[in-house]
Amino acid sequence: MGKRYFCDYCDRSFQDNLHNRKKHLNGVQHLRAKRVWYDLFRDAAAILQEEQSKKPCRKFLQTGQCDFGSNCRFSHMTEQDLEKLSAQVQGEQRSKELRQEGADVPPGTIEDWLEKRAKRLSAAQNNSTLPEKPAPFQYPPGWPAVQDLPPSLQAPPPGGWPLPPGLQWG
């Protein structure tokens, strides 16, 4: 049987040898699947620029479908889609400019957390003799109600989890 090569982009496997792998990696199906995967991570400005340079696809605008799909060289975005994308790009540019100017970052961002952590660590180094009181547990904003969470995400009971008698670790 031998080894098998699995391609994550194409979601298929085949016998692993130099000839088969080269043939697959240079194949049209693989190259398209790889491009589709990387297109998922492009920023909105690049997508907007590319879509504005394309002409609209007449068949897609008339019927809502195109035989070429994602391989079509024409744009499948409507005017409303382009306006939404443009607004998103402008919003991203404004937030980037605000960050460069040193404006306050909205609460709940990673920058805010890193700032608090740095202050806490510097305070702990300065006052290493004083025991630090742990902060009360809080769920992140936007999480569902506590009763809807799975047990693994619920807060531990006060005083910790009870240990069964006779439990030995390791």
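Note: Cβ is positioned from N, Cα and C throughout, glycine not excepted.
Quick look at what TrEMBL lists:
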- 51-79: zinc finger (ZN_FING)
- 51-79: domain 'C3H1-type' (DOMAIN)
- 88-108: region 'Disordered' (REGION)
- 93-102: compositional bias 'Basic and acidic residues' (COMPBIAS)
- 122-170: region 'Disordered' (REGION)
- 133-143: compositional bias 'Pro residues' (COMPBIAS)
- 153-170: compositional bias 'Pro residues' (COMPBIAS)
#### Entry: Intrachain neighbours beyond the compositional bias 'Basic and acidic residues' (93-102), with Cβ under 8 angstroms and 6 or more residues off its ends
45
### Task
For the zinc finger (51-79), provide the mean pLDDT of the predicted model.
89
